[in-house]
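K.L.:
A single structure is presented below for examination.
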């Protein structure tokens, strides 16, 4: 019976701990940040005057802001292994309800705006709660549940308005949150988005709520066995995403001075694309808020750059689509490698050069 | 010695199948008891009943001599009983520390803790100490456990159970999917857990492992305990005989 020397042998065969730097470099969010920077450099070289200006960057940031708020909630959901297709419709519905309430109250004041914001967030939260309860308690697949609420929320918004956009946003709302800038430079819209992103990142990466989000997405049964109330957690995550969509609804109303009923049909898909490009795994358990923000900037920068360069902006959709497929492919390769227990230290390029073995789909 | 956990006359039927037909079981503190039996003998059902995952139709459970009811995994945990399931039940994307404390996070003190912030340093330190105490060969405490070898994952699962169990640990086929070296590590780990005074129940099909690591071996057949052997004084032939029904020590 040999016992003394075996553990050491075993350990030698295992991988050495990775340094913080290696970990950072191998993170998909970090690699995608490199892609984003390359894009920015390329466009800057091509169009140094038009692209590389404070005004232009501010435009891009504003374009990303509302999507980023929705993206925070979406990141939580996708980390649990779920999906939410309803966010665009919930955004519209929340904006419509808020506009209705604010019109009914009358006036253009701050008080009315605050009530409107609360109504929008509340209605989004309720839609999220509904999604969560049906997904977690009734065990209907999230794709179907949120496809259903996508139609329900949009239909309800159209019933409330007769299908005609409302323009009932108080001027104080459009002048401050819609177009206002702190110190004349930083749009309030983007400041709000930044706050949501930071709070979301802190919750996801630092708190027990975030830990359970990863655990439920990684292995829900394991989480249940150690006493995590996984179903309740799922309800909360969907509710959080609904709240984010509701908040985005009032900001959208402030920005466009319109409920944009017909304009949000691609919102959910755009957000999901950003989240996935940013390295969050559709299979659950993996993801970061920072990655989502970077992933949302890539389509926005592409669109902006193409417009400036005079390329047909339709190309943006083509390129973003290719990015999306590539991002999911990389995720698959990564997961397959992790399941094999292979070294995750290998560089991305060497993974691509691997033959068939790397492409094997993972089992779990 | 008072048994850490004792079961008397457990019965459980699934339709017409008697999974447990008056099964008895007992284990002392600081003892490794192997539970063996052919497929369908009732090993898994017995473990589920003792760890709170399955209700029994009748029978009595005693912990340290006191009558207890274990009707949920939470009730089992409250009695200091932990179970390592065959499929490990770790979250593959979380690191060893996060898995160790999953569902039992140490929160920061004061307001931050109430807001849901965790004490990472404390959890990491205690995890490293717990692994070191058991001689677990996990070196990287920040990599996801899914990227680790089967043996390391099994060690993490056993170490987690050992850290939280104060009375009994159930291990369901802990070496089934492991190589030679990995199996050795897990068996050593089991001995170290036992040396801390915790009772370890080992379910395994591997007779050599069972004879090596167990103090006593209890044989289940057709839902009842048919024999109990001292591991040092038994042989493979005797165990197989008891499993197949050739020997029935406890027949009344």
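From the backbone N, Cα and C atoms, a Cβ is placed for every residue, glycine too.
If you look up TrEMBL, you'll see A:24-46, A:66-98, A:110-130, A:142-161, A:182-204, A:235-257, A:269-302, A:314-330 marked as transmembrane segment.
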K.L.:
Could you tell me whether the transmembrane segment (A:66-98) and the transmembrane segment (A:182-204) have 3+ CB pairs under 8 A, leaving out pairs under 6 positions apart?
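P.N.:
Between the transmembrane segment (A:182-204) and the transmembrane segment (A:66-98), contact is present.
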K.L.:
Hey, which of A:24-46, A:66-98, A:142-161, A:235-257, A:314-330 has the most Cβ-Cβ pairs under 8 Å against the transmembrane segment (A:110-130)?
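P.N.:
Comparing A:24-46, A:66-98, A:142-161, A:235-257, A:314-330: A:235-257 has the most Cβ pairs near the transmembrane segment (A:110-130).
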K.L.:
Of the listed stretches (A:66-98, A:269-302, A:314-330), which one yields the highest count of Cβ-Cβ distances below 8 Å with the transmembrane segment (A:235-257)?
P.N.:
A:66-98
K.L.:
May I ask whether the transmembrane segment (A:314-330) has at least three C-beta pairs under 8 Å with the transmembrane segment (A:66-98), counting pairs 6 or more apart in sequence?
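P.N.:
Contact between the transmembrane segment (A:314-330) and the transmembrane segment (A:66-98): absent, because fewer than 3 Cβ pairs are under 8 Å.
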